[in-house]
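Participant: When I checked TrEMBL for this same protein, it listed these features:
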- 49, 50, 51, 52, 53, 93, 142, 187, 302, 303, 304, 312, 334: cyanocob(III)alamin binding site (BINDING)
- 62-104: disulfide bond (DISULFID)
- 258-332: domain 'Transcobalamin-like C-terminal' (DOMAIN)
């Protein structure tokens, strides 16, 4: 099911002040996807996509002032109560999306009094969990989950009382170059204006001037020369008996991203390096390396690190390694 992609599209559509009711069929499709998505729980114990995408679907329906069945809301509450929302930055993303969805349902009075109280308590729990995930650098989870966390602070009105807000905002401003795709820009732009996705609910579209004009963007200058990146693949127990499966220097152009490094490595003789990616709204996501596939039902994923043990804060298409840097692809558990 295209739950998350359609939810993001509907949120964006609402923000552009569309003419009345051109999206009614899309909302119907989103309701259908939410039910299709949940069929995965019978086999895997979670939606076919993820609780992140499922929460996005509920948020998008609420922003469009559509009621959501109580059973659908209870699925998210149960997942939060049982700690099923993910790992690291992914958990922050999901906690934040759920908190925004719960706050929207409560504020728009789309649920009864008793359920509204449950949602309020769940939002408070999520806010505390998000605040606890903040690192000493101000980043909450990872750089991409930080805008989601800030949106929760803004939507719940706690931004003036939480020191985490100012620290996270400072970290965000220092790392704006990380937000290079439409989906990541959409997460960070409301925060830079002191807003959250919930604010598009109350937009007065007739007051929005049509001032959007295209910009003539000059291409970035090419960086001359080459760089060498040491590419390492690690697979610890219980998945592999040998920890280090691949360790080789890769010569690439100076402006190459991590994705470029992987592509060049795959073309080297002998062709013993292979990888696969999955397209997501945030860019390509690494799913398979050397024939080893990361699967949600196995609770593992390909973690990206720079040596010796520092997790990357960007995706494979956005991160540009330095000359002489060692990059590690490690199959990890969440």
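Backbone N, Cα and C define each Cβ position, glycine as well.
Source: prediction; values computed, not measured.
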Participant: Including all protein chains displayed, how many Cβ atoms other than that of residue 304 (cyanocob(III)alamin binding site) lie within 10 Å of its Cβ?
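Facilitator: Here the count is 20.
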Participant: Run through the Cβ atoms and count how many others sit within 10 Å of the one on residue 334 (cyanocob(III)alamin binding site).
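Facilitator: Its Cβ shell of radius 10 Å holds 14 other Cβ atoms.
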Participant: State, in Å as a whole number, the widest CA to CA span among the cyanocob(III)alamin-binding residues 49, 50, 51, 52, 53, 93, 142, 187, 302, 303, 304, 312, 334 given in the record.
Facilitator: 24
Participant: Counting each residue once, how many in the domain 'Transcobalamin-like C-terminal' (258-332) are helix, strand and coil under DSSP?
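Facilitator: Summed over the domain 'Transcobalamin-like C-terminal' (258-332), the classes give 13 helix, 31 strand, 31 coil.
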Participant: Just to verify a number: CA distance, residue 104 (disulfide bond) to residue 142 (cyanocob(III)alamin binding site), in angstrom, no decimals.
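Facilitator: Residue 104 (disulfide bond) and residue 142 (cyanocob(III)alamin binding site) have their Cα atoms 24 Å apart.
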Participant: Tell me the Cα distance separating residue 62 (disulfide bond) from residue 142 (cyanocob(III)alamin binding site), rounded to the nearest angstrom.
Facilitator: 27
Participant: Would you mind reading off the Cα separation of residue 51 (cyanocob(III)alamin binding site) from residue 62 (disulfide bond), to the nearest angstrom?
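Facilitator: Computed Cα spacing between residue 51 (cyanocob(III)alamin binding site) and residue 62 (disulfide bond) is 16 Å.
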Participant: In whole Å, how far is residue 62 (disulfide bond) from residue 304 (cyanocob(III)alamin binding site) when you measure between their Cα atoms?
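Facilitator: Between the alpha carbons of residue 304 (cyanocob(III)alamin binding site) and residue 62 (disulfide bond) there are 35 Å.
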Participant: Measuring Cα to Cα, how many angstrom lie between residue 302 (cyanocob(III)alamin binding site) and residue 62 (disulfide bond)?
Facilitator: 34
Participant: Between residue 49 (cyanocob(III)alamin binding site) and residue 62 (disulfide bond), how many Å separate their Cα atoms?
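Facilitator: On Cα coordinates alone, these residues lie 20 Å apart.
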Participant: Have a look around residue 302 (cyanocob(III)alamin binding site) and count the other CB atoms within 10 A of its CB, chains all included.
Facilitator: 21
Participant: Using the alpha carbons only, what distance in Å do you get between residue 62 (disulfide bond) and residue 53 (cyanocob(III)alamin binding site) once rounded?
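Facilitator: Here the two Cα atoms are 14 Å apart.
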Participant: If you count other Cβ atoms within 10 Å of each one's Cβ, which of the binding-site residues 49, 53, 142 has the most?
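Facilitator: Checking each of 49, 53, 142, the winner is 53.
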